Amino acid sequence: MLNRFTTAVVLAALTIYQPMLFAAAALTADAEKLVSDATRLDRVPVIVRFAKEYSISELKEQHQKSEQFRSRKESRTLKRKQFRQNVFSSLQQQTREASARLSELLRKHGVKTRLKSLWTINGIALDVPPEMIDAISALPGVERVTADMRLTMNTPEVEDVDSQPQWNIEKLNAARLWEREIRGEGVVVGIMDSGVDVNHPDLADRWRGGDNSWFDPYYGDQQLPIDLVGHGTQALGLILAGDESGYQVGMAPEAKWIAARIFDNANQTTLSAIHLAFQWLLDPDGDPLTDDAPHLVNNSWGFANTINQCYQEFDEDIRLLREAGIGVVFSAGNYGPFAETSISPANNSGSLSVGAIDLLDEIEFQSSRGPNACDGGIYPKLVAPGSQVYTTDRLPVAYNVVSGTSFAAPHITGALALLKSAFPDTPISQIETALYDSAVDLGETGVDDQYGYGLADVSAAYDLLLSNSGSADESLLIFNESQYSVDENTSRLIVTVRRVGSSEGEVSVEFTTSDDDAVAGSDYLSQSGRLTFADGETLRTIEIPIINDRDDEENEAFQIVLSDVRGDAALGHQDEVEVVILDDDGAGTVAFSSVSVAVNESRGEALVSLVRTDGTAGTIEVGYRTVADTALAEVDFVETESTVRFLPGETEKQISIELIDDDLFEESERFQLMITELDGDADIGSPASTTISILNDDPDTNFATISLESVSYEVRENAGQLRVTLFREGNLDIDATVEYNTLNGSANANEDYHAISGTLTFAAGFSRRTLTIDIINDTIYEQESSFTLILSNAGGGAVISDPSTAIIRIIDDDALPFVSIQSPTPSSTIGSSNSSQFGQQSSSGRQENRGSGESGSSGLQVFEINLRKYGRARAEEQRERMANMDAESKQKADQKSSCGSAEDQAKCTAAAESSEQTEELDVSMPEDTAGDEPPSDQSSESETESQTENSASPPAETEPATVESEQS
């Protein structure tokens, strides 16, 4: 059995977190709380946002104008580089100016602190004394001050499952592109997560490498990628891992990766660290003139307490990545099965949100549903396998089976990587459109808020892109949604206009807003202008600021209309759209954040969140109480009946229920927590109750546990055997059994070891048993290889405990093979000296002088052969050829030394040397039946002979020729 990790949404915010954005020059509620809780000796972490001189949209328009006179081909080639140079420099400059003003203020007050530039949002992150906050807020140009909150990664839940590797890859039809030799070549994927285990054999060779391929905002001296959790390694494996385990793990195995680590060693992060990671991905080496940014960024994380809310902290970062031509994929979240459970940043404009399905194409129970809280649109956009999928894990675990939308998203990132590899000049937006239009419709007919556009089919998308830029000849411009809705407290609405059909050529369209019962200037800011689609571009956005008033009123609406198309395009059927502004000035609705909560008994308390949505006006009190189920009051938990108070503007409260930690081994038990009453104008929403499961973590003294001694073992190849001890703890009074088997990795059964499987019995009273695995000593030099030992299906009143799997590494102990030949003696007819100073190259590459310096002697040259990817039959055949050649060389040497008298010696030596010069040495490799034939170096000997014949005298050192197999 393998462990199943359910880690769909990685971030769980701390209790101080209030995802609320307010108007300019204000201190947000979270920052106020941080300041009020601080002492005069504390430093408080804040992010200072400044008003923007440049908007992304304006800079984009300026860039497009500067590109309009370039040829189509030239524009495609230089687009990313020119965009970065023009746009990034403008954004960086405005942040430098803001930083200078802030630095001057701090100097006047004698405050020394580090300023972190967040130029994607025109912000500065810093730690300051709390008494400085008011002065900073009053600084000209400051838009708002928010807390740079510290956020904690949640802990994965583990359970035993069975799974068939590769079912997930087959669902998306990736193999059909592999058959066309499309495997992700030329594509770079970025990942923001817990890091990556760079030593993993399926990931190591795929790291791009260099200073511009790893970002750690916490420990800058950490030069190589690391992953202390495993989540990032698991997600990345599904994108591009290879087949070292014996199974193909990733969608695009020839793509390269870079990574930004957004969690520190305590599994925590901050808002500023995430901003810095997004910023780094835009320009990894800090030079906008080099094109080293990734093509795609995978994000298997989200904010746990933004359910059905639009939190736009990272909206500008994501939009800037999109404008730079970088695809941004997010997991949709694990807050189903109810509707309206989208989370941020997955619901932000520019994010491609991905939900999870299982083997039967059913939506995963906990996969979040739409509509999108930011615009009322489709959520998730696509679905992909996210239930019991096989992937890489941090060493020594190596591989695991995982579940959740965290692992659905990487499938889509991998699909985009394959298609980008196949169509390198096609914009990511066009590739995404092809995935939407070719997706397999699941659930209700048409687009819906459970499956979105459907299950991605990478092969169908390829065919669509291959045929006339992805669709019909005619180009139509339409709104991406039939209606938009936005909460009044959302600072801006992002509306997407989509080009369907042909994407060739530049086209543009006029847009304008018009009032309905929502009034421009009071409820929103009117917008008009012209959107320009560059050649190949399929998505453009309109930004509309929303005004958050304090009036308790009905929902209001306005219209956005498209008109006046220029270029080879026309308006489609969706050329006008309604936007509904949802009022939030009422008392709102109160509900639990989740239908269920699970907690270990030993923790001592269960924390449950109540959330207030759709309005935060006025003070309300919410009554709640516990209700026993299989868990009993005063036995398993403390019976509780109380109230919690929401003040105006507050959106979340936590309820603590005390658990009773006994020493009994028992099944998991549950009880309910219910909302009983509400004092105020707010309504009770859904879910109005939540189930709290108490997970037993006491040892079972009536049962036994069986486990391995270690999670990994090493054995030298010549040891012959490896003995692995299994332990039984607990009740030893009866017989117990456990099944075991080995699984190939880079080591293969019957070539590197003898596979074992069967049932091991622990007789009554025995606490340990030993398995013996035979190791095959093949005497062939090769890289370290590994396989896995797995325990399963315990019987006789026993259960399996960790570690239940182990990686077994076979350490090769064979020397590098060498082919030694006699080097040809220089011919006396070209005036060469008989003195030979040819050297022999050691395995380290050093030239060792083996010549005697005497007349007629000859040094040895070495041909180094790397046999890593050779089949066993080939290797044995080559070894036999080497032995034969060495025997023949020795025979000739013996013939020389046996020459008798002085008068016969010249003839004898000449005959031997003549034979030696005319004999042709064949060091080419036999054909590889496995189909991985390396390039042969047939010129090796001829080059060496040419060196000798064309020199007046032998060189002091001669570089030996080398025959090498292909490197993996």
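Don't overthink the numbers, they just go from 1 along the chain as shown.
Backbone N, Cα and C atoms are what each Cβ position is placed from, and that goes for glycine too.
Here is what TrEMBL records for this protein:
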- D193: active site, charge relay system (ACT_SITE)
- H231: active site, charge relay system (ACT_SITE)
- S406: active site, charge relay system (ACT_SITE)
- 822-859: compositional bias 'Low complexity' (COMPBIAS)
- 873-895: compositional bias 'Basic and acidic residues' (COMPBIAS)
- 929-946: compositional bias 'Acidic residues' (COMPBIAS)
- 465-563: domain 'Calx-beta' (DOMAIN)
- 577-676: domain 'Calx-beta' (DOMAIN)
- 690-792: domain 'Calx-beta' (DOMAIN)
- 822-968: region 'Disordered' (REGION)
- 1-23: signal peptide (SIGNAL)
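Residues belonging to the domain 'Calx-beta' (690-792) score a mean pLDDT of 88 in the model.
Separation of the C-alpha atoms of H231 (active site, charge relay system) and D193 (active site, charge relay system): 7 Å, rounded to the nearest whole number. Rounded to a whole value, the Cα-Cα separation of D193 (active site, charge relay system) and S406 (active site, charge relay system) is 10 Å. Classification of D193 (active site, charge relay system) by DSSP places it within a strand. Neighbours of S406 (active site, charge relay system), defined as other CB atoms within 10 A of its CB across all chains, total 33. Shown for the domain 'Calx-beta' (690-792): DSSP residue counts in helix, strand and coil, namely 3 helix, 59 strand, 41 coil.
Look at H231 (active site, charge relay system): DSSP puts it in a helix.
With helix defined as DSSP H, G or I and strand as E or B, the domain 'Calx-beta' (577-676) counts 3 helix, 57 strand, 40 coil.
With a 10 A radius on its CB, D193 (active site, charge relay system) counts 28 other CB atoms from all the protein chains.
Counting Cβ atoms from all protein chains shown, H231 (active site, charge relay system) has 28 others lying within 10 Å of its own Cβ.
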